Structures are given as structure tokens and as C-alpha cells.
Amino acid sequence: MKVIGIVGLPGSGKSEAAAVAEELDVPVVTMGDVIRRECEARGLDPTTHHGDVAQALREEGGPAAVADASLPVIEDALDGSEVVLVDGIRSDAEVERFEEAFGESFLLVNVHAPFEVRRERVGQRGRDATADEGGESLEERDRRELGFGMGEAIEAADLTIENTDTLESFHESVRDLLRGEAA
Ligand SMILES: Nc1ncnc2c1ncn2[C@@H]1O[C@H](COP(=O)(O)OP(=O)(O)OP(=O)(O)O)[C@@H](O)[C@H]1O
């Protein structure tokens, strides 16, 4: 059994890694979806209350509360698969919780691309409001995520996949990793 956690700064390629997992029928547990379900359980609209509920969970259950809420979902996914990918890790507290839960079976992977490359890709992605449109700039997003403990989570990674080449070559690197872990 292997639980692969993905970390990386905004726009580094985490969702692309998750998409490759789905293509290979590796279940993906998205921690953001766990928060969305918690919004629904509290009768709140996830489109407007996602951040508030994530914060409330952490206030009520400590800094690893979202990881705690994700554990049963990961356990379920492990029932039907040797490998499970976890997207949405934001802090070293969450990494520690997964290490406690899965021990040597937890592998933390950092997806890395330099700032300018990420900025260009996020600019082309189309789903992000730019700073001019009232959205957050990539500098601000980086700062916010680093504030949650993403820097420490990245430092704790067991390995780094560089995502500076083509999308196809990144997909190939992720496929190699997932196939290697499934073997
Ligand atoms: N190697 C690549 N070449 C070209 N485009 C890429 C490459 N890797 C990722 N992209 C594109 O860059 C954008 C950012 O990637 P992705 O959405 O996977 O990042 P992310 O880490 O999930 O970001 P966020 O934290 O903001 O959700 C996407 O539009 C993706 O398709």
C-alpha cells in the first residue's frame, strides 16, 4: 500500500499530477473536497464558505484537522487500490498526521516549477482572476500558502518532480512514479 501526498506552490502542476492518477485509475483524495463536504454538513454554501469552514475546522480540531477529516476517505480508497494520491496538503502539521497514520507507506512528492513559469501557466489557465481583476496575484497566493506552512511541507518532501518541460513530459514523470509505486 502507498499513499502519495502531493505538495507544491500554486500553479506548480498538482492538479495535472492528480489528472494523471485518475487516468491510471489511481484514486485521488482531494482535501478541498473533504472541506466542501464539511460545508454541506454545516448547511453552508462551499462556493462562499470554503475558506471559513477550513479555518473553523482548524480552530476546532487543531492545525491537522483537515488531514484528520481526510483519513477515513483515504482509508476507504485504500480498500480498493494499492496506491492512493492525496492532493491539497497545505502544511507540515498535515504531513506529520499522514506520516503518523501511514508510516513508511506515506510518500510526499513536491511538484516544482520556478515562479516565472508558474506565473505564465496560471495566466494561461483562465480560471484565475488576475490582480487587475480584483483577484490575488501569484506573489500573494504564494505568501498565503507559505503562511499556512507549505514551505515546511515542501521541505519535508521525499522527492521532487521538476515541472519545467512540456506537459507531456511531466505527465510521463508522474506516470513513471505511480507505476513504480503500484508495482
Ligand atoms: N509542463 C507544463 N507545460 C505547460 N502547462 C502546464 C505544465 N504543467 C502544468 N501546466 C498548466 O499550468 C496550469 C497550472 O497547473 P495546475 O493547475 O496543475 O497547478 P496546481 O499546482 O494544481 O495549481 P493550484 O495550486 O493553483 O491549484 C494548468 O493550466 C496546467 O495545465
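Glycine is treated like the rest: Cβ placed from N, Cα and C.
Look at TrEMBL and you will find Gly8, Leu9, Pro10, Gly11, Ser12, Gly13, Lys14, Ser15 tagged as ATP binding site. What TrEMBL lists as region 'Disordered' is 123-147.
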Query = Which three-state DSSP class does Gly13 (ATP binding site) fall into?
reply = coil
Remark   = What DSSP reports for the region 'Disordered' (123-147) is 16 helix, 0 strand, 9 coil
Ask   = Which one of these binding-site residues, Pro10, Gly11, has the sparsest Cβ neighbourhood, judged by other Cβ atoms within 10 angstroms?
value = Pro10
Message = With the cut-off set at 10 Å between Cβ atoms, which of these binding-site residues ends up with the most neighbours? Options: Ser12, Ser15.
response = Ser12
Remark   = Same-chain residues at least 6 apart in sequence with Cβ under 8 Å of the Cβ of Gly8 (ATP binding site), in sequence order, are Lys14, Asn110, Val111, His112, Ala113, Ile154
